[in-house]
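Copied over from Swiss-Prot, here are the features:
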- R22, E85, R124, K455: (6S)-5-formyl-5,6,7,8-tetrahydrofolate binding site (BINDING)
- 220-377: domain 'TrmE-type G' (DOMAIN)
- N230, T249, I251, T254: K(+) binding site (BINDING)
- 230-235, 249-255, 274-277: GTP binding site (BINDING)
- S234, T255: Mg(2+) binding site (BINDING)
Amino acid sequence: MEFDTIAAISTPIGTGGIGIIRISGQNSIEVAGKIIKSKRFNSIYDIPVRYAALVEVYDNDEFIDQAILIKFKAPHSYTGEDVVEIQSHGGMVVLRRILEVVIKNGARHAMPGEFTKRAFLNGRLDLSQAEAIIDIINSKTELLQKNAAKQLKGVLSKKIDEIAEILLNLISSIEASIDFSEHEVDEISPQEIEKSIDTALEMIYRLLKTYETGRAIKSGIYTVIVGRPNVGKSSLLNRLLKEERSIVTDIPGTTRDVIEEVLDIEGIPIILVDTAGVRQTEDIVERIGVERTLKSVERADLVIFMIESDGITKEDIEIFSSIKNKKYIILVNKTDKGINISQDEIKKLFGKEGIFISIAKDENLELVEKAIKEAILEQNIEGFDEVLITNLRHKELLLKAKGFLTSAKQNLYSFPLDILSIDLKNALDSIYQITGKNVTEDMVDRIFSMFCIGK
């Protein structure tokens, strides 16, 4: 496919040692040739492909900067088009000046994600691989980066292609049975159809099962610490973060607002939320803090419910009523001051056992991180070689395919084959959309609009 010539700064905004201007399109080499001079090469066309050439960049006769120029010929480039990269010094003024000169000589400003969009449209990568690039760029933890790298490598694409192959073969066999029913063609049996559907459903189920874990490593787990005033919520936040982020005093009600910080637990971003202690109060500011606490609980993925080891109070029971429908763990703090509560009592009132800790003495705090991890992960990801589904679009398309296949299986013995094939084709269409083999232009535009300019 041929497009016009686009250009953008591909490195982050700011000061750095090197900045890169990327040019792509059928006239990219011609455009770059108008603004550079080389002491070694007479023209840009004399510079070998993939050779790092020292050049000088000019605006007409005005010298702008020295740079390294690398050119790539289609289809062997990131976009699949002719591409030129100009690596200049990294100041924003010089980068913007070079970009302006490139635009003045025949290119246009690239839209967000347009380079990767062209790579997709030119068959350099599929849609799921393109989406993996966003995750690699935005990775906040090593775990997400590793998973995104697997997706970029094509691990997810391979699994999707395997499901598609099963469905495509099944549809072909059914249509052959319909079209050549009067000839000597073996008709596919309902049992064979059911076996293929079950195989595809099992593969889809295994992928869907990874989504909650995938979502956790991508978006983070919103984890709210709740309890009555002075139970140790702020101290817990500070200990987990290993820094003094929240103010800690012996005065109940010190924390009056919601404080959020991110904790990395073995590659999973945990958004820790310290909240105001929940109690009846006449203090207007503290009351607002309590209201914000309850709102934080509503959106929580996980709640850390803290009580004290000297006994369960009426306030504890009232607080628990607001979190009992959430995923939660129970911490029993201040064991250094004595324990007047049993696991049986905790389990009877709150539905599960608690973890006894002493923040003041740093006792059993390693169990807290372990409990958080166990509460949020659907599976053990240590040594996990499979790719995790992290993208909601992929999950929704897999669910659609699952629904169509389930419908086909339910109707297998009561509907004719031509009706059955409609559900199978719809399932295949949903599967194809994951890798972009059958996707609307609007969806493509929406996906690539999430990229930054220059990628």
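Glycine is treated like the rest: Cβ placed from N, Cα and C.
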Across all protein chains shown, the binding-site residues R124, K233 give the max Cβ-within-10 Å count at K233
Write out, in the order they occur in the sequence, the residues of the chain not among R22, E85, R124, K455 that have a C-beta within 8 Å of the mean position of the C-beta atoms of the recorded (6S)-5-formyl-5,6,7,8-tetrahydrofolate site. S10, S24, S77, Y78, T79, V83, F115, T116, A119, G454
Under a three-state reduction of DSSP output, how is K233 (GTP binding site) classified: helix, strand, or coil? helix
So what pLDDT does the domain 'TrmE-type G' (220-377) average out to? 81
Measuring Cα to Cα, how many angstrom lie between K455 ((6S)-5-formyl-5,6,7,8-tetrahydrofolate binding site) and S234 (Mg(2+) binding site)? 41
Given that the record lists R22, E85, R124, K455 as binding (6S)-5-formyl-5,6,7,8-tetrahydrofolate, what is the largest C-alpha to C-alpha distance among them, in Å? 18
How many whole Å apart are the CA atoms of K233 (GTP binding site) and R124 ((6S)-5-formyl-5,6,7,8-tetrahydrofolate binding site)? 51
Can you see whether DSSP assigns E85 ((6S)-5-formyl-5,6,7,8-tetrahydrofolate binding site) to helix, strand or coil? strand
For S234 (Mg(2+) binding site), the spatially nearest of the binding-site residues R22, E85, R124, using Cα atoms, is R22
Report, in whole Å, the straight Cα-to-Cα distance of N230 (K(+) binding site) from E85 ((6S)-5-formyl-5,6,7,8-tetrahydrofolate binding site). 58
